[in-house]
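One structure is given here, and the rest of the page talks about it.
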């Protein structure tokens, strides 16, 4: 039965990822005054299926000098981790209700660094290795801010369980008292998922395509799916943390629908940002985190530690 539930979770995620690529191309198209994909199917709706067929029917080429096992394992690991993070998410009920759900999400997202590092190192290409090292440095750096923001939210929530956040936000979304944290969290998720304007790992002008430059066909598609699955998961997590997942007084049955609408709106904002802003310089990227975000998040975390004691209030309990 658990396997059936797992499949019911994974298949819609993969479908959502496939159609997110179409949504991105459509949004970028309309923002650049063109139509985007409109040939395959009505209004280009079958384009993701055509792309998948094309990629998975091509021959997966491998450089002769590459490390074969790591080269093959890296995309499999990337996609597996991207799908694993969905397990503790309450939508409105999680697949497994973990006591330390947020810690699990943070740990698994941290492991995705290894897939990037392996792919860059195993490709035996200077462009891939440079892109991988950039990606690893960027991901590890921004995870520091994400962890401190999560700790601040957990101090308000009183538990590491994700389902408790629904009770915490029953009367007011957490974005209202913690909007500076939300802004820093959103920018950090952009950097964590290597999206524009933080897509330095895939700088076409300098690194050809970044850490996945030597990949083609199926393995490339797996990296692609992992990247877009991470975008959706980060936005779903943003909704759970700051926008109250399923509390809808008049229509409690519409909980999953409202959750997905909020996630889709935030994901569209990711794509809008890609179309609007140029790429950061690498030193600016690191300066933003270590000299701006880190001190602010540490101060706010200390503030939330002192707040319950100062006001003699207790965090909500299950």
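Glycine residues also receive a Cβ, built from the backbone N, Cα and C atoms like all the rest.
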- Students should find that the transmembrane segment stretch in Swiss-Prot, chosen from 45-65, 171-191, is 171-191
- Go through the chain and flag residues at least 6 beyond the ends of the transmembrane segment (253-273) whose CB is under 8 A from any CB in it; none is fine as an answer. 20, 23-24, 27-28, 31, 91-92, 186, 190, 193, 195-197, 231-232, 235-236, 238-239, 243, 245-246
- Item | Recorded stretch, among 100-120, 171-191, 293-313, maximising Cβ pairs under 8 Å relative to the transmembrane segment (68-88) | 100-120
